[in-house]
């Protein structure tokens, strides 16, 4: 409790993601043969053991053979089956570490006689997403990570759960209020889902608070970083901070009292508030609310402010003095306010103060068919969202019952929706600590590397780039390779090339200071035909996209706002160029947004190709954006909602037919989410037929792997680390050469790879415009195979799912190398980048900023 004599304390948490990589352990262990058992005794020799050892050696990714990692060596025949089966015990290269709770509605011992449409075989979407948040939180709990990385992940967990409550819990409350009782694919009603979600979320919040108080905060103090209480300050410090409060903070505050003359104050979404109880001369207790200003730093740098109490805090002022000793101290802003409440409530007695926080529903919907226009509809949605229903109330654990009851009554929430937590609340804005210049407490900074295929391009001679793209396709891999040096270079070259006739792009999310938009504007000024599809309904980016629409239209650029009833989620760009009396197309089909910021932290792929058929498909796709007619037939691209679902289904069924005929059916699919119930059923049918399936699913996964007689050939993996896995890669071993059609004759066919924007979610398959491209180039296929092999061999950041929905993290076995996907791919990018002195003489782009991954893990599949 914070009373008049004891006005505050607080320790806090923060934000996530540094741009750097944990130092790789591969070289340190490269000489280890790893062939001893855990107790040091040598294994018994056999042909099977020798084969297994060869596979293990391949999966160790030796430094002289990083590109020669066979997919099967890190896949079904070796690492996966052994590593995820606790009955077998851990093998020497990996052991079991952290574990999340089960989420299945009920156990399934055997699937031999179960129909694939049985609701017991579908996991809850909401609980599966919370299981992902547990894996994110584990990055903060894992003391193998440096402390500022852990602190950042505490903040990421806060951001993620904020968004989850705004979107998913808000949607469930709407369904409950509307009287919806239909069950979801896992057999729960909306009310049952809501109750289960709140129970699981409560446990995550408790773990998060415990992680900060018992692990991260002590580690910070040990490192000389203290988040202090008011009581811990000296009288001199308090006087100087009080002076700072009077000058810099108090003018920004607006206390709002609730009494017969003043209505209950509006509490804005996600704002941190202070509840204050005061008594006047009449001894009547009154409630007031103070909003902690969001435009002031959450953590006040004590020593810097005490040295200059009238000055404004900056990032630089929070840095420790060069060569200085002692701790770097911070005081939470709410503690400073609480310690000076007498200035805000003169001639009254402050009897209590404590913090609370409100989360509001973001699921505000309008009927697009009856809206006057998409712009007006989006502006109305943004207004409604501000005053939407409260879906969560977080209160400090010292808040008196009468204050909590007052908030519950006036915010119209149930007791289930109240989360009592130790302070500090809102662990996502501790930038002052996370951004300290303490490299010893962070992962090694990562800077995206130059791409060898783009290295020799001179902006003054764009024809060189297009000649390079005509030679063969190019695969871009972010954040390992620079977005600015690849995608941005491609668009800049097109904007200034006199032979380019038109540029078209689909924008779902982009940076607030987008250079991509600037290139499109330059292209229009240079006489190119420019058409841009800007999706106004990209949730939480509506305002940013509205601004860009208006800016583009001011420049006379053709702008489409979206498709009625669909979101345009595809990440595609098209350049049309005059060449030798003909017209050529150059296409970019990506998995990530045209956003230079997230490209430094999201793992995404982009295919740049001069393939005429893909270019023709994109011409038709962009025409469907700008007209009322939808193009239904596509030659090479898999496009939702036109043919993506049918093509994916056909590809899965073909693998099943091959397996039933005695062949080797094989599927490896990497995505953000596997949620579509029918695709899950198709995968069950394929597994029952004998298809070996590895699913690398970052977040939501409805499928239950490892059920005997049903899904015992399916493995589900999730890689959670410094970068957010966001790319989609699909591999089918027996597709037709063009990936089209279903073969039921069981003939083995040619393998096919695809990359694109679509997850296997109902919304992506049926309610969005998505584009997925086939990959034909052998060298790019080999690169994709290596990426998948790295992930399937990971023993540092990989989690594997059990049949009941639990996830178990793998750890290196004793004496074995650490196989960290992000570290290995970063090292691979370093090795393939051109030498610094090989760059041609020309204007050199500046060094890209290191990755600030504050918002990296807030993405839950591009809502």
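First residue shown is number 1, and so on along the chain.
Each Cβ is built from the backbone N, Cα and C atoms, and glycine gets one as well.
According to TrEMBL, 160, 602, 698 bind ATP; the candidate from 138, 628, 717, 726 that the record adds to this site is 726.
On the backbone, the CA of residue 160 (ATP binding site) and the CA of residue 509 (Mg(2+) binding site) stand 18 Å apart. For the pair formed by residue 602 (ATP binding site) and residue 509 (Mg(2+) binding site), distance between Cα atoms is given as 13 Å, rounded to the nearest Å. Here the candidates are the binding-site residues 509, 698, 726. The one whose C-alpha lies nearest to that of residue 569 (active site, phosphohistidine intermediate) is 509. The two recorded residues, residue 509 (Mg(2+) binding site) and residue 726 (ATP binding site), have Cα atoms 14 Å apart.
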